[in-house]
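Student: Below are the features I grabbed from TrEMBL:
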- A:20-416: domain 'ABC-2 type transporter transmembrane' (DOMAIN)
- A:20-43: transmembrane segment (TRANSMEM)
- A:211-232: transmembrane segment (TRANSMEM)
- A:261-285: transmembrane segment (TRANSMEM)
- A:306-332: transmembrane segment (TRANSMEM)
- A:338-359: transmembrane segment (TRANSMEM)
- A:395-416: transmembrane segment (TRANSMEM)
Amino acid sequence: MNSSFWTVVGFTAKNKIRGKAFLITTLIIAVIMSIAINLPYIISQFSGEGKPTAVGYLDSNIEKAKSNLFTHTRIAAMLNDYYAKQEKPELKLVPIPDAGSAEANEKALKQAVADDEIQGYIEFSPGKESGFPAITYKSESLMESKVSASLSAALQVVKMEAVIGGGGLSEEVKALLTKPIELESVQISTVEGAGSIGQGKTKEQQGMDFGTVYVIIIMLFMAIMISGQMIASEITAEKSSRVMEILITSVAPLKAMFGKIFGMFLVVLLQMAIYIVVIVINMTLPQNADKLGELGIKLSDVDPVLLTYSLVFFLTGYFLFATLFAAVGSIVSRTEDLGQAVMPITMLSLAGFYICIFGGMNNPGSMLMKVCSFIPFFSPYAMVSRLGLSDPPLWQVWLSILILLATILAAGWLSAKIYRAGVLMYGKKPSLKELGKAMRAYK
Amino acid sequence: MNALSVERIFKQYGDKTAVNGISFDVAPGEIYGLLGANGAGKTTTMRMVLGLIYPDSGTIRYEGKSYGKEQLQGLGYLPEERGLYPKVKVSDQIIYLAQLRGMSRRDADQNLRYWLERFGVPEYYGKKVEELSKGNQQKIQFIAAVIHRPRIVIMDEAFSGLDPVNVELLKSTVKELRDSGSSILFSTHRMEHVEELCRNITILHRSNPVLQGNLKAIKKRFPRERIILGTEDDVKGLEKVGGVMNVKRHEYGYELLINDEAAGRPVLELALAQTNVNRFEIMEPTLNEIFIKTVGESHE
C-alpha cells in the first residue's frame, strides 16, 4: 500500500536531483552566498580598510599665525593626535598647503579629492556663539555617516580636553566625564508564555532568537517559493505530456499527489542543507569568524524550544502551500499558463512574509501580528516571529498549530479532489463551475 | 467468465451525451474492436473502463469484480497520445510505471530488457524519450502498457504514427498477447487492422452503439454486392446481365456492382463464353464499406 507512495517519492526526488537545473541553480546560489558572506572581507581587501581614511584640511597660513585656543590648524593637529592614539586609527588628517586666495584653496582641496589623495576635507566657518568654529565635512559620497560620526565624536573629546586641559582636573575625573552612559532595555513577561523572551535572557541570546526567527522565516519563504513552483510545473508537465493518464490508472491520485509533494520536500531539504553547509563553512573561515565573534553569534545560544516550534511551523507551512500549488498545477494544462495561475498563492506567501519582516520584526506584539498568527496562510510566519520576539501564551501557539493542521487536512482533501478532477480536464482553464462539477463526479 | 464486461454505461458532459448506453463483453484471449469516427465516444468509453472517469450510470466488471486497486494493477493502457516523461530515461520511467503497478524492480528491469530486445532496440534502455523518433516512442509506450503482464490491455489507436514494418511488428505482438490469454480492447480508424485482429466489434456513432457483434456475422448480414472478374480479353455485354448495376473497367478486368447475388452465375458464364477467366470472386463487403454504410446511413 505504502510502497507506491514511496515509489512516487523516490522517482520525483531522484529525477529532480539528477537534473541539470537542480545542480546549476544550487551551485549558482551557493556561489552567490559565499560571495555575499565574504563581501565585507573582499571589500576591505580592496579598499584597504584598516588603514585610516584620509581627510584633508587647509593648512592656512593666516590661521597658523593666530594665537587663539582653537585655530583651524590647531584643531586639526589635536584631531590627528586623538586618532594617532587609537589602536586602529579611523582617520588621519592631511594638510593641504595654502594656495593664497580662497578660490585657489578650494580648487586645491577639490583637486586633492579628485586625485584620491584624500577622501574628503573639512572646512571651518565661524561658530555661532562659542569660540569653537562650525565644521563642514565635504566629500564626494552622499552619506559619509561613518566619517562624520567619527569626526563628531573626536571633536567633542578634543574640545573638552582642550577646554579642561588647563583646569587641573585629575585623569579620574576626566575619565568619568568622558565615559558614555549605560542604558539597556530588558523585556519581561507578565504571564507564563511559550515564547523565548522573559526567561532572563542575555542580549546575545535575544539576538540569537531574532536571528533564528529571521532564518526560519526566510527559509520557509524560500522553500515555498522554490518547491511550490516546481510542484506545480511538474504536475502541469505530467498533464501536458499525458503521463498523467497512465499515472492515475496505476496509482491512487492522493498518493500520486502527496508522493510528489513529499519528494519535492526532500529535494528542497537537500538544497537547504547544502546552503546551510555553505554558509557555515564560509562563516568559519578565519577572516569571517572574527567578524561573527564581534557580533556575538554563537550557535550554542539558539533556544531549543524556539527551534522546535519553528520547525513545526516550517513543516506545516510548507505542506499547506505545497498542496495548494499541487492543486493549481493540476488545473492548468499548459506550462505557459502556470505563472499566471500560481500568482494568487505566490502573493499569499509573499504577503505573510512581508507582514512579518516589515511589520512583525519591529513590533511582534501588535494586533496585526496577533490576528495574523491565527490566519492559516500567515501564521507560519507570524507565529514564529511572535515566538521568537515576544511572549505569546501557550494556548495561542497550540491553537494556531491546530488551525494550521485543520487547514492542511482541508486543503489536502480539496487539492486531491481538484487534482483528480483537474488532471483530465484539458484545453482552456476550467471555470470554477466546471471544476466543481468535475469534482462532484469523483466521489 | 468474461475478462471485461461493460453494461449499459452512460456518460454525459454538461448537456452533451458522450456515451449513450454501450454494453459489450470481452472474453479472455480476445481482441475487441471499438470503432467509430472522431468524437464518437471511443476514448470516453476506454477512459471509463480504465477508471479514469466514472460512468453516470451502468456497471463495468473486471473478471466479475468491480473496480478496485487489484483490478487497476491488472490493467494496461496504451493512450492515443504519448504519455511519457520526455526528459526521463526510458529505463527509469518504464521501471517506475511498472513498480506503480505492483511489479518488483528486478522483474520490471528484466521485462523491459526483454521487450527492448524483442523490438530490436536494446540501445534505448538508457536514452531519454525525447531523443527517440515518434515511432520508437510508440514502441516504448507499448512496453509501458504491457510490461506488467496485464490481464486486460486497452489500446487507443495503437498503431498511429508507425511505419508499415513497425505496424507489423506491433500487430504480431498484440496477437501474441491475445494468445497468451490477455483480453484487449482495441480502438482504431484503420479497418484492415480490425478485420485482421478482432473477433467482435462495436461501431459507435455519435455516442450511440450502432452496430455490434461478431465480425463474421455482421459481414454476413450485409449483402455481397461486388464481383471481381479477371479475364484475359475483353468481355462484352456484362452490363446487360440481370442484376448488374454498374461495370467498372480495370487493368486486370472488371469490377461489377450487383444488387442480387444470383447475378454471379450468368456473369461468369458470359465471361467464359468469350475468353479465359483468371479470377472470379463474389466479394464480401469490407468492414470499411460496412462502416461507411452504417455511419453514413444514420447520418440521414
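Cβ atoms here come from the backbone N, Cα and C positions, even for glycine.
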Student: Give the nonlocal contacts of the transmembrane segment (A:20-43) in its own chain as ranges (CB under 8 Å, at least six residues past its ends).
Tutor: 49, 267, 271, 274-275, 278-279, 282-283, 285, 287-288, 291
Student: Of the stretches A:211-232, A:261-285, A:306-332, A:338-359, which racks up the most C-beta pairs under 8 Å with the transmembrane segment (A:395-416)?
Tutor: A:306-332
Student: Taking A:211-232, A:261-285, A:338-359 as candidates, which has the most Cβ pairs under 8 Å with the transmembrane segment (A:306-332)?
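Tutor: Looking at each of A:211-232, A:261-285, A:338-359 in turn, the most contacts to the transmembrane segment (A:306-332) are made by A:211-232.
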